[in-house]
Amino acid sequence: MTYKMKKEYAFWATVCLLLSLVPEFLNALSEEADDTDSELGSMKPLHTFCAMKADDGPCKAMIRSYFFNMYTHQCEEFIYGGCEGNENRFDTLEECKKTCIPGYEKTAVKAASGAERPDFCFLEEDPGLCRGYMKRYLYNNQTKQCERFVYGGCLGNRNNFETLDECKKICENPVHSPSPVNEVQMSDYVTDGNTVTDRSTVNNIVVPQSPKVPRRRDYRGRPWCLQPADSGLCKASERRFYYNSATGKCHRFNYTGCGGNNNNFTTRRRCLRSCKTGLIKNKSKGVVKIQRRKAPFVKVVYESIN
């Protein structure tokens, strides 16, 4: 009996001790919450998922993405692995701001007349080191226009835009946008390889013009076929083929095994099948002499009238 009373007394003593500690525990939680609120600031994001931490996921890709940082109240860049993760992940900085920052108003960044473009607009096309296939846009300083290119999925440079509209707003000057030019098609010419003749002026006479120099816009195929041969970054030596848009042929080169670009084929046949179809090519092998069509001969018969 005495043992049972002692056990009961110990139980109630423990309960009383725990109850006495509850107020202190609640005060500690309140102080911690106050510290967290002061650290995060008074701004609340528009959506609860904006408060999640950046999650790159379990995969190993390197995709530039953006997340909202609750501590800095800003959208920041991070590298996404390519799978899983959470909803606090955006493809563009502007999308992140519009989704998570209260009161953010979209401001169209336009290059005013005479205004300087950002330095990264003048960077060369850089598809990066990965072998993905992502449609992106870059500003071409030679044509003064935004053009489509294929991004590999990692690294590269800042002259890389998700949409054509975004590229134009940041890098393209609307005042100096070139007016459409009537491009001369190869079908308007006949050639023997050295002499180019205007088809419209041919009338039993071949009028020589200056030779037509191959230009980049004469190619209408896959964009990676215009990339130069890139042997990559590793130390292997594998026989590969790349398409030369200037000659219209596939040439052999040594590939080191990693990196490089998409203008990389295991066989010459695959190279030609993938890239040759985009070349605007003149199929005639000699000077075509065009004669004016003569009127049909009509025989007139005169009969005497008696």
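Even glycines carry a Cβ here, placed using N, Cα and C.
Listed in Swiss-Prot:
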SIGNAL    1-28  signal peptide
DISULFID  Cys50-Cys100  disulfide bond
DOMAIN    50-100  domain 'BPTI/Kunitz inhibitor 1'
DISULFID  Cys59-Cys83  disulfide bond
DISULFID  Cys75-Cys96  disulfide bond
DISULFID  Cys121-Cys171  disulfide bond
DOMAIN    121-171  domain 'BPTI/Kunitz inhibitor 2'
DISULFID  Cys130-Cys154  disulfide bond
CARBOHYD  Asn141  N-linked glycosylation site
DISULFID  Cys146-Cys167  disulfide bond
DISULFID  Cys225-Cys275  disulfide bond
DOMAIN    225-275  domain 'BPTI/Kunitz inhibitor 3'
DISULFID  Cys234-Cys258  disulfide bond
DISULFID  Cys250-Cys271  disulfide bond
CARBOHYD  Asn254  N-linked glycosylation site
CARBOHYD  Asn264  N-linked glycosylation site
CARBOHYD  Asn282  N-linked glycosylation site
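Distribution of Swiss-Prot features across the structure.
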residue : record         : Cβ within 10 Å
Cys50   : disulfide bond : 20
Cys59   : disulfide bond : 13
Cys75   : disulfide bond : 23
Cys96   : disulfide bond : 24
Cys100  : disulfide bond : 25
Cys121  : disulfide bond : 20
Cys225  : disulfide bond : 22
Cys234  : disulfide bond : 13
Cys250  : disulfide bond : 23
Cys275  : disulfide bond : 25
Top Cα neighbour of Cys225 (disulfide bond) in the set of disulfide-bonded residues Cys146, Cys258, Cys271: Cys271
Cα-nearest neighbour of Cys83 (disulfide bond) within the listed recorded positions, Cys96, Cys154, Cys171, Asn254, Asn264: Cys154
Residue pair Asn141 (N-linked glycosylation site), Cys234 (disulfide bond) - Cα distance, angstrom, rounded: 31
Cα-Cα distance linking Cys234 (disulfide bond) and Cys59 (disulfide bond), given in Å to the nearest integer: 23
Residues in the domain 'BPTI/Kunitz inhibitor 2' (121-171) grouped by DSSP into helix, strand and remaining coil: 10 helix, 15 strand, 26 coil
Cβ atoms near Cys258 (disulfide bond) (within 10 Å, other residues, all chains): 12
Cys121 (disulfide bond) as reference: those disulfide-bonded residues from Cys75, Cys258, Cys271 with C-alpha within 10 Å of it: none
Using Cα positions only, nearest of the recorded positions to Cys271 (disulfide bond) (Cys96, Cys146, Cys171, Asn264): Asn264
